[in-house]
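Taken straight from TrEMBL:
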- 15-39: transmembrane segment (TRANSMEM)
- 83-105: transmembrane segment (TRANSMEM)
- 112-133: transmembrane segment (TRANSMEM)
- 214-237: transmembrane segment (TRANSMEM)
- 266-284: transmembrane segment (TRANSMEM)
- 304-324: transmembrane segment (TRANSMEM)
- 331-349: transmembrane segment (TRANSMEM)
- 355-377: transmembrane segment (TRANSMEM)
- 398-421: transmembrane segment (TRANSMEM)
- 441-465: transmembrane segment (TRANSMEM)
Amino acid sequence: RLQESRERLSVCSKLCYAVGGAPYQITGCALGFFLQIYLLDVAQLDPFYASIILFAGRAWDAVTDPMVGFFISKTSWTRFGRLMPWIIFSTPFAVISYFLIWFVPDISRGQVMWYLVFYCIFQTLVTCFHVPYSALTMFISREQSERDSATAYRMTVEVLGTVLGTAIQGQIVGKVVTPCIESPLFIGKTNSSVAMEELNMTHDTGSLTDTRNAYMIAAGVIGGLYILCAVILSVGVREKRESSELQSDEPVSFFRGLKLVMNHGAYIKLIAGFLFTSLAFMLLEGNFALFCTYTLGFRNEFQNILLAIMLSATLTIPLWQWFLTRFGKKTAVYVGILPAIPFLIMVAVLDSNLIVTYIVAVAAGISVAAAFLLPWSMLPDVIDDFKLQHPDSHGHEAIFFSFYVFFTKFTSGVSLGISTLSLDFAGYQTRGCSQPSEVNFTLKMLVSAMPVGLILLGLLLFKLYPIDEEKRRKNKKALQDLR
């Protein structure tokens, strides 16, 4: 009991720790919901090049996670800890690169390279923040209940971060109407129609400039929040060195640790289950703005619909934390994620209706909360299970977290690249006030049929996950005896 009391975290410590999760979610949500429509309708890139940027940026982001995990495993302890220096030094450069993503350079050529370079730079720097922050879960307390509690605080703040990202980006940008072009029939354009299009573009130049300025203002506000959260985390959280488990200062072998981690059955099954469910929500996130704008016809409402999703998710995080404590984490996966399926089908099948869309948004937010909370709550259980099977192998926490994020990000990059490319094949018209029926059908597939199939596949694979509540309690008791 004395040991447990020493391991207890104060509410202040949990809040300071939780605040550190907001920057990744605020920027990630703004990029996830708005970058695709920004590249297509504001920066006016061809959909083919936009798909390259989205895929390459996400793929590079995925690659940087294990790279950063490798370097963290080689990092020696300092008086600030082993993980905290990564968070502190990456922050200012990440904010600068984030701002430049939302800036439209005045160059006729090289725009594609501009966005690709700064998107990749930002993804690298935010990884240098988020991988050590994720691994910090294992170094704030050895008590499983305290880590679960801190994770719940963190998930609440992270989902609140997605609300902030959606609200700041959506409300600032939504106050400015992005100009669109009433294009003639897409087949057999005449010279007069081309001239009319050029006239419309000239007429809308001022409004497009206002839209670009709005995106930069939103980027400045989000960058300021990023810095504030990083300061609170670094000041309010103390990284604890687990002296009873780390007996030497010698860096662990990364590749030996990677081999051990990838041979751990519970970890692979957890990744397999959540990979597809996470991918479903990411696919929905990446295409939802275009779906609301063109397929549903809510051009001036989509930012409020996104906000409804994130507010619903934020308010239900405490509910899911209570549910997984009461009924178990594995049960919470099915109860939390499965109900999203009928609502995703409903929004695609029913005629466009704003009230129905808001109801679907609130229902989807409840499942988004479960999808956010459960993977990060269950990963520490997998790490504890690994420690019992490999009691002499330590310091692999960053590998567990970084490779989980790697697989999720890489597959989401592939899916976003393919989805944007499929819009190009369907005939997407940049800055069009409306889109061909083929584009609307493609968007329905991307936000309904494909996410439903991915959720079903993920839940089916999750049946193989071996750590239920009984197994988790046995592991906790065995770890306490081992210590």
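Don't overthink the numbers, they just go from 1 along the chain as shown.
Note: Cβ is positioned from N, Cα and C throughout, glycine not excepted.
Remember, TrEMBL labels are computer predictions, not curated facts.
For the transmembrane segment (83-105), the list of distant contacts is 20, 23, 27, 31, 35, 38, 42-43, 68, 72, 75, 111, 114-115, 118-119, 121-122, 125-126, 128-129, 131-133, 135-136, 139, 212, 215-216, 218-220, 222-223, 226-227, 230, 233-234, 237, 239, 398: same-chain residues at least six beyond its ends, Cβ to Cβ under 8 Å. By the Cβ criterion (distance under 8 Å, sequence gap of 6 or more), the transmembrane segment (398-421) is not counted as touching the transmembrane segment (214-237), fewer than 3 such pairs being found. By number of Cβ pairs under 8 Å, the transmembrane segment (266-284) is matched best by 441-465 from the list 112-133, 214-237, 304-324, 331-349, 441-465. Through the fold, the transmembrane segment (112-133) approaches residues 20-21, 23-24, 27-28, 39, 43, 45, 49, 52-53, 56-58, 60-61, 64-65, 68-69, 72, 82-84, 86-87, 89-91, 93-94, 97-98, 100-101, 105, 230, 233, 398, 401-402, 405 of its own chain, all at least 6 residues removed from its boundaries and within a Cβ separation under 8 Å. If you count C-beta pairs under 8 angstroms between the transmembrane segment (355-377) and each of 304-324, 331-349, 441-465, the highest count goes to 304-324. Below 8 angstroms of C-beta separation, residues 266, 269-270, 272-281, 283-284, 287-288, 290-291, 294-295, 330, 333-334, 337-338, 340-341, 344-345, 347-348, 419, 422-423, 426 of the same chain, each at least six residues beyond the ends of the transmembrane segment (441-465), sit close to that stretch. Listed by sequence, the residues of this chain that lie at least six past the ends of the transmembrane segment (304-324) yet keep a Cβ under 8 A from its Cβ atoms are 29, 33, 152, 155-156, 159-160, 162-163, 166-167, 170-171, 174, 288-289, 292, 298, 331-332, 335-336, 357-358, 361-366, 368-370, 372-374, 377.
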